[in-house]
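Inspection log for the structure reproduced underneath, given as structure tokens.
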Amino acid sequence: MHTWPNLLSSSPTGPGHPSHRMPEGPELHLASHFVNEACRELVFGGCVEKSPVSRNPEVPFESSAYHISALARGKELRLTLSPLPGAQPPRGPLALVFRFGMTGSFQLVPSDALPPHAHLRFYTAPPGPRLALCFVDIRRFGHWDLGGKWQPGRGPCVLLEYEQFRENVLRNLADKAFDRPICEALLDQRFFNGIGNYLRAEILYRLRIPPFEKARTVLEALQQRRPGDPGPLAPKGGKSRKKKSKGAQRGSEDQVENPPSPNKAPSRTRRARRGLPEQTAAQQPEGTSLQRDPEAPCVPEKGKRRRQPATSGRRRPQKIKADTPSSEPEETSVS
């Protein structure tokens, strides 16, 4: 049971709304759902009316009782009028294929409150309140064809025929259409049926694909895709960046888990290179790295090496008091 006077519409924001977008694949898909849900329990009857200002063809259909169903494919919607058993005059079903143009949509309204620009109208049969399913098109760019055939040259539907859509793209990558930038190739309805201006912008933005990258360069990666790889149009270089970040993260974890030992003395090679005598732990003077933060700067270390006790009986350097204050503030700041 429908409540009135609110209009039921296949357009999310309603025709003429400032944020209304040009209908593309998802909008046509939602419109088909709207028609099927709104008209599921309704019985239509009589003739199909066309507004006198529309340049689209007349719809020569009349039946005392029929149902309406819809199916979307890309940027097209097929409306099927199916007479019920015993309906008069006897006749077969009729299919219409709609393209919405810029402002096309379907609305279900009371028959005495038709919206402006309702260019095609299907009325319900009595008893009950008389309703009208209207194809509303403010700018009159929309179009319908009799016969129910999809427009030739359009590729498989991105939403309902994904495997066929993907195969159609990969099989034709040698086509000159893919010599163009990806932002232009996405509008080619032979391969991307249902994609328009706002969808291509959303796709490229969310996948971080430069819009003027050559289409073939972007799509060729799909042919070598393996299970577990990034999505079909993953950002260029995204996988390598992921590996690099993992390696860097693993390296930082190793540093945290295995910090350098604070009491580890310099190796023999390093001592030989610096000309320092070898020493044991018993020979280390007080205030050495055993009592310091392992991340302390190298400058205090050099000063402390100069204060090491002489092993050959030489006198201790006289500048020990001058060196000591310079190392203390640095140790304090580090800790």
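Cβ from N, Cα, C; glycine included.
TrEMBL entries are annotated by machine, without manual review.
According to TrEMBL, the features are:
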type: COMPBIAS; residues: 238-247; note: compositional bias 'Basic residues'
type: COMPBIAS; residues: 280-291; note: compositional bias 'Polar residues'
type: COMPBIAS; residues: 303-319; note: compositional bias 'Basic residues'
type: DOMAIN; residues: 23-142; note: domain 'Formamidopyrimidine-DNA glycosylase catalytic'
type: REGION; residues: 1-26; note: region 'Disordered'
type: REGION; residues: 221-335; note: region 'Disordered'
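DSSP places the residues of the domain 'Formamidopyrimidine-DNA glycosylase catalytic' (23-142) in helix, strand and coil in these numbers: 14 helix, 54 strand, 52 coil. Mean pLDDT across the domain 'Formamidopyrimidine-DNA glycosylase catalytic' (23-142) comes to 94 in this model.
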